[in-house]
Amino acid sequence: MKYLLPSAAAGLLLLAAQPTMAANTGGYATTDGGDVSGAVKKTARSLQEIVDIIEAAKKDSSGKVVKGGAFPLVITYNGNEDALIKAAEANICGQWSKDPRGVEIKEFTKGITILGTNGSSANFGIWVVNSSNVVVRNMRFGYMPGGAKDGDAIRIDNSPNVWIDHNEIFAKNFECAGTPDNDTTFESAVDIKKASTNVTVSYNFIHGVKKVGLSGSSNTDTGRNLTYHHNIYSDVNSRLPLQRGGQVHAYNNLYDGIKSSGFNVRQKGIALIESNWFENALNPVTARNDDSNFGTWELRNNNITSPSDFAKYKITWGKPSTPHINADDWKSTGKFPAVSYSYSPVSAQCVKDKLANYAGVGKNQAVLTAANCK
């Protein structure tokens, strides 16, 4: 199914669903980003202007570099790169070899928020490195160049306490012959790696992406706490996420059109997969390509309750030649520990019926509650 997400003007129902405190991310992250007392607020029209604003915020009024940043920062991005996105769409197989374009938030801990205006768009990524207290909201990322050079839409490296909320990330789920492994047409939507932890990924609309996201860059990069909630994934291939160790809590997400595999829980990680909606999915929950250190999962209150539901929701399973475990009996294999935050999941049916009104850009950061499910 192709999802058409309404804009903020599409209905009054969005007005009654504003979030409370920004730090209530519904997940492990507990950050307001730069939206705190003493913040400096700037507007940027381009990638370069965002870069310049961030670099200036690393120095005090005397020009001295301040470790972690001189002040909290809120950047409103109102640029439009639809022309670049359209050109990339017309030349899909020409994108992977280009140089990646991106804003690097590096060694900034004072707090930073990048907020896109409605109608803005970006053909560049945001890469968070050795930073913390970062929020990215209402940004529309399309057809990132530089797939062969790690041109992710969002990359989080060595950075705790990050919130990725109400964005749209899209590409083309397509293999271009001649690229390495025929799979570097585009890189990831959201990669979280290298000791990053306490990250919340919420209310994003991610579609047409082949490799959605990593939790960990290698079998030694393990041990993080991540929450994915109220995201829509449509026409994607795999890595939802590819989890190397640690804890992943995924609730109230909609998965439609998984072409290869969904959750891939490796390196003795554990995932709580709760109150989600799955349909048209191949291997939605699995552990594979990991020798013997398979992870475990707890399945709770999803639309699928037993293998008897697979045909109804078009769930299928493949058996690779390498060692693997599929959730094809739809039974939990582990018990997830108590989470450190409060949250109120709605039913999986409500996710199916209502989430498109809330996920993605142009929604004024509206949230889905039980009151909106009626």
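For all residues, glycine too, the Cβ spot is worked out from N, Cα and C.
Taken from Swiss-Prot as is:
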ACT_SITE  Arg239  active site
BINDING   Asp150, Asp152, Glu187, Asp191  Ca(2+) binding site
DISULFID  Cys93-Cys176  disulfide bond
DISULFID  Cys350-Cys373  disulfide bond
SIGNAL    1-22  signal peptide
Worksheet, complete the sentence: Here the 10 Å Cβ neighbour count for Asp152 (Ca(2+) binding site) comes out at 26
Fill in: Three-state secondary structure, Cys93 (disulfide bond) (per DSSP)
helix
Worksheet item: What are the other residues, in sequence order, whose C-beta lies within 8 angstroms of the center of the C-beta atoms of Asp150, Asp152, Glu187, Asp191 at the Ca(2+) site?
Response: Gly125, Gly151, Ala153, Arg155, Ser188
Item to complete: Check the disulfide-bonded residues Cys350, Cys373 for other C-beta atoms within 10 angstroms of each C-beta and report the one with the most.
Response: Cys350
Discussion item. Given a 10 Å Cβ-Cβ cut-off, pick out the one of the disulfide-bonded residues Cys93, Cys176 that has the most other Cβ atoms nearby.
Written reply: Cys176
Item to complete: Kindly assign Asp191 (Ca(2+) binding site) to one of the three DSSP-derived states: helix, strand or coil.
Response: strand
Fill in: Residue with minimal Cβ packing [other Cβ atoms within 10 Å] among the binding-site residues Asp150, Glu187, Asp191
Asp150
